[in-house]
Amino acid sequence: MPYRISRQAYAETYGPTTGDRLRLADTELILEVEKDFTVYGDEVKFGGGKVIRDGMGQSQTPRAGGAVDTVITNALILDWWGIVKADVGLKDGRIVGIGKAGNPDTQAGVTIVVGPGTEAIAGEGHILTAGGIDTHIHFICPQQIETALASGMTTLMGGGTGPATGTNATTCTPGAFHIGRMLQAAEGLPVNLGFFGKGNASTPEALEEQVRAGACGLKLHEDWGTTPATIDACLSVADRMDVQVCIHTDTLNEAGFVEDTIAAIKGRTIHTFHTEGAGGGHAPDIIKICGEANVLPSSTNPTRPYTRNTLEEHLDMLMVCHHLDPRIPEDVAFAESRIRRETIAAEDILHDLGAFSIIASDSQAMGRVGEVITRTFQTAHKMKVQRGALPQDSSRNDNHRLKRYIAKVTINPALAHGISSEVGSIETGKLADLVLWKPGFFGIRPEVVIKGGSIVWAQMGDANASIPTPGPVHGRPMFGAFGKALAPSCLTFVSEAAMDSDIQRHLGLERTCMAVKDTRSVGKSALKLNSALPKVSVDPQTYEVFADGELLTCEPAEVLPLAQRYLLL
């Protein structure tokens, strides 16, 4: 006779199962388990008197015979493709199984073999997501990497050379010399990295040189002059060399209006940064570009979500980042032209509709590198409160909304930048870049961050204590982030042209270099759960935003979850 236990007791022991629901942190977002891949009665769990013991849940299978290096037991996976309970097997730094772990000699339905060489990570009672991907990094200081990792980000892409004036304003690593130095600096940083060259040139030679030197993309920024000529030249080089182009358009409309930029793009794939416009771009209507099928639109997190403080903090941020002088009226007018409550409010709704596809940070250049995931789910919460359930959801859960928003910081930036074969989702064959969260701290404080199959960051107590848990407990780097363990766990993304020129040997790099690919064929339709193409217009007098004729407006949030309740200092 099978032994029956209550649903509550089961969830407390093995984690929630099909039909169970839970709240994410202090938000109004409710998650419901769609499927459980484990087998009732044959679940695996580690510990004294538990299942993963020799001859029980642990087989005699050696690593060479198929046993995994690590098993994450009973994890609740939240990814764009589903919300499921499963065991996850890791081997050689990759995800090799999502299903039922254990001993096939004694248990039913085993798809992930646990052996004497298998380490166990307890996933029961935890949410498992793919490591976050931030594709709008100003590499101003190396301390950003630890801050990002502590928030659940495992891949950072952008540009910069340190606290140079150009880097403070623009996401570019200009020229072969600086690209080489940044690729060498990446050797000691425990995340995947990729660097954008400067895309502002009207002829191709200097752009091609940067791509051959190791740039994985090119960035067009108005502070360097984003004219129709530079847009066309940059995209032409990108099409030939298969790298992505990111663009910060012309706020002042000096070289043309948004229609002229769209014409210069000529239907080619492009990633538009801070597409609402407060971070920069054609004033007041760059936001309409999100309705173009070839445009991959993203937001940066200072406008996520729209709150009572958003407008006030932006002016000073903008003046500092873009080297403006508050004593010059024209500089102040430039800054003020970018900050519009109407377009920021509309941005919230366009994210909820799936018309904006990606959220990134704009680190130390009007954005906060450690708040990408937090701001993403604050936006989801605000939209749930203000707009109610999505049509695809029900009164029981917000599953579709949760999948839509997790896609904005995982799979969609990976697809946009040609790295989705390696990272961006919890799928077999991909790098084991994974984040475990306690549900009560989801989106604000990861419990464990796994990078390439090794733990690189975790909540940890006093190192002199007799057990791991006495306070002060806070996030700390772990063994996977040190020594020669770091290089095999991380990827450096470059161009195919750089791989052909043997950039790894030329620069003496130990990390694996990986070429981005298929960046020019991806369109908005490829972006998961965020491919809506509304016809967007902006009233030039009032700045009101309309999508398919409907006014998009919402009130600023007065209070947000994932905020001071969790961050007292």
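Heads up, the Cβ atoms here are built off N, Cα and C, so glycines get one too.
Database features, via Swiss-Prot:
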ACT_SITE  H322  active site, proton donor
BINDING   H136, H138, K219, D362  Ni(2+) 1 binding site
BINDING   K219, H248, H274  Ni(2+) 2 binding site
BINDING   H221  substrate binding site
DOMAIN    131-569  domain 'Urease'
MOD_RES   K219  N6-carboxylysine
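Feature map: annotations from Swiss-Prot on the structure.
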| residue | record | CB count, 10 Å |
| --- | --- | --- |
| H136 | Ni(2+) 1 binding site | 33 |
| H138 | Ni(2+) 1 binding site | 26 |
| K219 | Ni(2+) 1 binding site | 29 |
| H221 | substrate binding site | 25 |
| H248 | Ni(2+) 2 binding site | 25 |
| H274 | Ni(2+) 2 binding site | 27 |
| H322 | active site, proton donor | 22 |
| D362 | Ni(2+) 1 binding site | 29 |
Candidates K219, H221, H322, D362 (recorded positions) - the one closest to H248 (Ni(2+) 2 binding site) by CA: H221
Whole-number Å value for how far H221 (substrate binding site) lies from D362 (Ni(2+) 1 binding site) (Cα to Cα): 13
Three-class DSSP secondary structure - H138 (Ni(2+) 1 binding site): strand
Check: same-chain CB within 8 A of Ni(2+) 2 site center, minus K219, H248, H274: H136, T170, T171, L220, H221, E222, C246, I247, T249, T272, F273, G279, G280, G281
Environment of H136, H138, K219, D362, the listed Ni(2+) 1 site - residues of the same chain whose CB lies within 8 A of the CB centroid: I137, G158, G159, T170, T171, C246, H248, F273, T300, A360, S361, S363, A365, G367
Between the residue listed as 'active site, proton donor' and H136 (Ni(2+) 1 binding site), the C-alpha gap once rounded to whole angstrom: 16
Conformational class of H248 (Ni(2+) 2 binding site) under the three-state DSSP mapping: strand
Spatial separation of H274 (Ni(2+) 2 binding site) from K219 (Ni(2+) 1 binding site) - C-alpha basis, Å: 13
Residue from H136, H138, H221 whose C-alpha is spatially nearest that of H274 (Ni(2+) 2 binding site), among the binding-site residues: H136
Cα separation, H136 (Ni(2+) 1 binding site) to H221 (substrate binding site) (Å, whole number): 12
